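In what follows, a structure is listed as structure tokens, so that the remarks can point back to it.
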Amino acid sequence: MVKFYEERREEKLWVPYGSRVIEHQNWINENFPAQFRFQNLLIEADNVLQPSVLRAMLALDTAVKNVSTGTANWTSICYQIGHQCWSSSLLELWSFNENVINSLSQQDILDKINTNNLISPLTFRPYDVEAVLGEIRREPAGNISGAKATTMLYAVKDQTIERQGERIDEIRLDWEKKFLDVALEERSDGVIVTPYSAEQSWIDEAQGPIQKNLNLLAAGFVILFGYATMSLGQFNCIGQKMYVSLAGMVCVGLAVVGAMGVCSAAGAAYGPVHTILPFLILGIGVDDMFVIVTAWNNLSQEERRLDRRQQAALALKHAGVSITVTSMTDVVAFGVGASTVLPALQSFCIYAAVSVFLAFVYSCTLFFAVVCLDFQRWEGSRNAYCCCYKHAEDYRRTECSQKDHLQLFFQKIYAPGLLTTPGKIVTTLGVFAILGVSIWGFINLKQNWRPIWALAPDSYLRRYWERSEAYFSGDGEDVYIYIGNIDYYAEREKLHSLYRRFEADSYVTNGTVISWFEDYKIWVTSIKNSTLLGSDGHVTDSDTFHQWILQFLTTDATGRSHAGDVKLNVTTSPPTVIVLQAELYRNLGIAMAAVFVITLLLLADFLGSLWVLLCVVMTLVDVGGMLHHWGLTIDTVTTNIMVIAIGLAVDYATHICHTFLIVGGTRQVFNGGFSTFLAIVLLASSQHYVFITFFKVFFLVLLFGCLHGLVFLPVILSWLGPAPYSTTPVRDPAPDTEQPDKRYIRKVQTQGFVNQGLEMVGVG
């Protein structure tokens, strides 16, 4: 855990390995490191062009510029153009002069706003009013009469340094925190202020979901602990298994913490998607717990007469194979996911694979040791809650606590009903009808991802982006262009040509192309001796040409605003979505192939492994199709969780198939599925997209995994086999329950597999 660190940089999470975006970004960071970061405020009111709103903006501007930390204030941290700190808003039109702004009337404001060829008195550059006003209202003559929103911008110096592989700027971050505090203060002037800080806002958002959903995780542990206690034990003072359930919860916690330590030591970063990991391992780990305890409870009457050690060996013999199959297939599924080119998904799969493996190890060692100790307590008639107290020999357990009603339901009602001919026909038709609907949805499943989805609905950052898109929807995306290894003098005509091409492009908003080289040419034409210029408007001497560029960038107000602006490369959002669909299908295909191989090796039955694979494929198709019907898309979150779905789908089908081959029951599968549902059910109350999507996908996986594992697979096995292992022992029958097992095993071992419908009773 000493090396533990949380990765928040978007390019380190969602940009594929080997992408040209990374290569370009590294080149930009090396050659043109960022000189400043913008801090933004979105101002909303019924009409932002009223004197009262401008006065409120002035008060806010003053408060921002009075922000001070122990290491910086506005004067020391602001990015300066010449000798002036760079901040921009409507107040700039009146030079931020308090006396002038406080004396403005409504007409004064409108006269200034509607001035033709408006020039900023601070930068002496054209000021585009419409670019900073949202939802503009106009008079019949076309003049602006009002607007519902405007922006305020503050440029802060970027002093980022590299520390332990992470780029940080502690001075700026401290100032940004105070900046956000000022912007988020409650207001009584009717003005709505929504801030956006370049980095601190994303830090707040990364930490917020974790802190808000820790209570859900804690509640999930409590609910699951209660369910496990009730399901594993009996309702009497001796048969309860509270400490066994608690040990299972502890093993899950140890697995998650251990995985974080191991993966951190190996250099794997912890990302925002990793917050769902405890919920995932909670479901899988408790599933193993149910399998182990149920295997001990299902020992035959003859096996129960053996001593404690022999019973433990037999229980672990039966349960060990089952949890080994499911755990190893989970590890393989996540291992395949770890080969992805998406760093966030790769890291998550590594953490998940290690967590599942450690949960398996703890289940077979620590948890099983507690189960053995609890059995010793039970043999000694000691109290389930206070082990020091030993009940008298005449203590009588309640009759209700001696029956496993869920097991009786599966054996007496569910299995006989399901495996009748009408039951099989209805099941098959229903499963394939659902599959048809899901295939249609799967075909229409689209890929889409917007970073705003990852923000909580009540987040100020989400509100900023949503309101900004609403007010400034026609602005499009900013594009920056960088050029390296160029002789500006020799390539001057190409630079002008590039500018003209962008100006003429129909996809580029008119008047929005800004080029330092064009501004430089205008400056040369306006102040230099024309006799020194050639026909193209530039000086004919290369050395003088470069000296004038330096003069322009250091002495002229417009030139100073371009300092460091020799850039060329599109810096739009990383093309994550482009690879998502391909990555999803690739991971699913490879994982299913690997799962089939592992299942075949551990089950040692080709036909059984084939049916398991069929159930997994049908589950994934059903889940993918229902994602479309539920309004979800292929995005970074669903891509992660669909890989997880393979492991869970394999769990349910493998448990049933393995149990069929050795002849047992279905109670453990139901408990495993329901316990996983309990682990994630509280996520339905979350407001965060990641957790809501996690719940939706997991709910579908549990629903269709249990459908194919508990309903469809038994029908297929009863129709098409395979037969149980030839080494499967015939258990001594308990009254009214195990005789069908005995007849079934003897028949298939002597006569081969013949389907006789209800002879499957007790097989599950």
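Residue positions begin at 1 at the first shown residue.
Backbone N, Cα and C atoms are what each Cβ position is placed from, and that goes for glycine too.
The following features are taken from TrEMBL:
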DOMAIN    213-373  domain 'SSD'
TRANSMEM  214-232  transmembrane segment
TRANSMEM  244-270  transmembrane segment
TRANSMEM  276-299  transmembrane segment
TRANSMEM  350-373  transmembrane segment
TRANSMEM  425-443  transmembrane segment
TRANSMEM  584-603  transmembrane segment
TRANSMEM  641-663  transmembrane segment
TRANSMEM  670-691  transmembrane segment
TRANSMEM  697-721  transmembrane segment
| Relative to the transmembrane segment (697-721), which of 214-232, 276-299, 425-443, 584-603 accounts for the most Cβ pairs at distances under 8 Å? | 425-443
| said: Pairs of Cβ atoms less than 8 Å apart decide it: which stretch in 214-232, 244-270, 276-299, 584-603, 641-663 has the most with the transmembrane segment (350-373)? | reply: 244-270
| remark: Here the mean pLDDT of the domain 'SSD' (213-373) is 83
